[in-house]
Amino acid sequence: MDGSVIPTAVLRNLSDKLYEKRKNAALEVEGIVKALAAAGDHDKITAVINLLTTEFTFSPQANHRKGGLIGLAAATVGLTSEASQHLEQIVPPVLNSFADQDSRVRYYACEALYNIAKVVRGDFIVFFNQIFDALCKLSADSDANVQSAAHLLDRLVKDIVTESDQFSIEEFIPLLRERMNVLNPYVRQFLVGWITVLDSVPDIDMLGFLPDFLDGLFNMLSDSSHEIRQQADSALSEFLQEIKNSPSVDYGRMAEILVQRAASPDEFTRLTAITWIYEFVKLGGDQLVPYYADILGAILPCISDKEEKIRVVARETNEELRAIQVVPAEGFDVGAILSIARRQLSSEWESTRVEALHWISTLLNRHRAEVLNFLNDIFDTLLKALSDPSDEVVLLVLEVHACIAKDPQHFRHLVVFLVHNFQDDNSLLERRGALIIRRLCVLLDAERVYRELSTILEGEADLDFASIMVQALNLILLTSSELAGLRSLLKQSLVNPAGQDLFVSLYASWCHSPMAIISLCLLAQTYQHASSVIQSLVEEDINVKFLVQLDKLVRLLETPIFAYLRLQQSAAFKILRTRLKTVPPSSFSGEQMKQTSSGNSYSQILHHMPSGSQVIEDGDVNHDANVHNGINFASRLQQFEHMQRQHRMHSKSSQAQSRNNSTSYSSSKEVQRPEEARRPMPTSEMNKPPSRSSRRGPGQLQV
């Protein structure tokens, strides 16, 4: 039947190697189909299409396949308005030919589909996804002629889609989403082109589906091709403008994408992402509440970005986000925000750490109860931050700690952990001790801080650390402007119950250091007790460390802090000053110190003080001044002497242990290398005075 419809000569020419013969044969087919359509004989039309498909388009011969494609296009032209009912037969074999191994066949497939599309127009939409998929692949074809033909077909299909009311964006989006991760530059251009075209159609809601392909567009911002980056940026800019003008946008899904892209290694991608986040924070409202933690996690690193534009936008976004007032009941996750801030405290960038602390502080001020519920999660990190190399960070950490410590139980917790931190980190007390203590005194009340520190240190088992810590606290007390009020209160220890109570409270832990006790007594104007403390010191107390501290005290007596003391003319002070000046300065050599501590004992230095007497402030001698205005000085002296005995025992034990270790080590060395171990030490080395650096124990502060 088919042969009788299409003459044999026509079929032969349809598969000829010459294009002109195939073209003429196709015109014959067009006329035959047109006649059949006029007669309404659709069965024969179906038979003709089947013949062209099975015998030609699926033929192993390339010229047959070319003829089949041109024949199907000719048949469609012949059907004109009635072509739609035969498209299910016509289009699939043409689409199949797009994957043909012969580039000329692929070219003719583009040409055939172009001619078919021109005839059927809107009816063509039913095959849109398949056509789009085929065109997507052809856009990256290895043959330039095929690419050119595909571009012509692509433009026609775009025209058809923009004027059609049958296009289904819902069915198309999954295919687009799948293709968006392709890296080929030609495919990327093809995809951006389609996104832009579809977004321009008023009846197609591309914005509603933006979350499905937004990540793909951001991915293109880092393409090696400037043109592709520009096209992607243009598309994104258009969408952002639409978002600003749209009453309904799915911010949440897109926020997740933007957060990821804000960490991109590509600078342009980061800038675009953070710009979008900024707009989202301003526009998103309640929709973004569940995503605040993720957004903050993206913003904080960008605050320290190497690119200034990114830093500026990140800071503006951070301020916008922090200005929004929300409550946990609305889905605001305080714990998640705290977790992000805690994580960013480990950032290598100071600006990021600073802003993380500002967030913790903000949350404490707004949602104190909720933050305290998560205190165990952040407290250790906040303590470690006290060792931060940045002073600004340390000061902010202290503000956060002070805010937490408004509650008594948290105050105790803070001070205990702070002391432990000083103990664990030998350099922290020396580097940051004064800064930390002074700031806490301002934020939490100096008297409260010092009382708590004294209580903790009074029972400290590590006597060496306790001594160093007390010396540091004493120096801060004597020299810091922030503690002027505390000094004023202590000066009234003999006349004011509050001053007396504070003096007794500090005395207990100040006993760890003779110089600290003497300083405290001078500050409290209990001069006769200071003399008693000095008298109680025995020869073995007079060592290098003692003399170093004494030297500091002597120098402190000349500072404005003790101006009142120098002006006083009491007999007690005159005697004390004279005796302190007789002590050799710390700059003496080790031999001189040795002579001082042995040949010129402290009992000799204090020989002017009558035995068993006390000198009170007005210069009169009073043999019964053990208790003054509620302060039992005799008991205090016993307390000091008891503590010093503990220190001496500890020191002897440590020295014995050191000698044992040294002996064991020497024995071991003698066994291994006897000739070296027995070599005598040079006399110059034995008499060499201690180095200046060795005179300051770990954590000691210098005046």
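Using the three backbone atoms N, Cα and C, a Cβ is placed for every residue, glycine included.
Curation plays no part in TrEMBL annotations; they are all automatic predictions.
The compositional bias 'Low complexity' annotation in TrEMBL covers 658-668.
Among the features that TrEMBL reports, compositional bias 'Basic and acidic residues' is placed at 670-679.
Taken together, the residues of the domain 'Vacuolar protein 14 C-terminal Fig4-binding' (427-568) have an average pLDDT of 88. Taken from TrEMBL, the feature domain 'Vacuolar protein 14 C-terminal Fig4-binding' covers 427-568.
The region 'Disordered' feature in TrEMBL is assigned to 642-703.
Sequence-remote contacts of a segment are chain residues at least 6 beyond its ends whose Cβ falls under 8 Å from one of its Cβ atoms, and for the repeat 'HEAT' (90-125) they are 49, 53, 57-58, 62, 65-66, 68-70, 72-73, 75-77, 79-80, 83-84, 131, 134, 137-138, 141-143, 145-146, 149-150, 152-153, 156-157, 160-161, 163-167. The repeat 'HEAT' annotation in TrEMBL covers 90-125.
Across the repeat 'HEAT' (90-125), DSSP assigns 33 helix, 0 strand, 3 coil.
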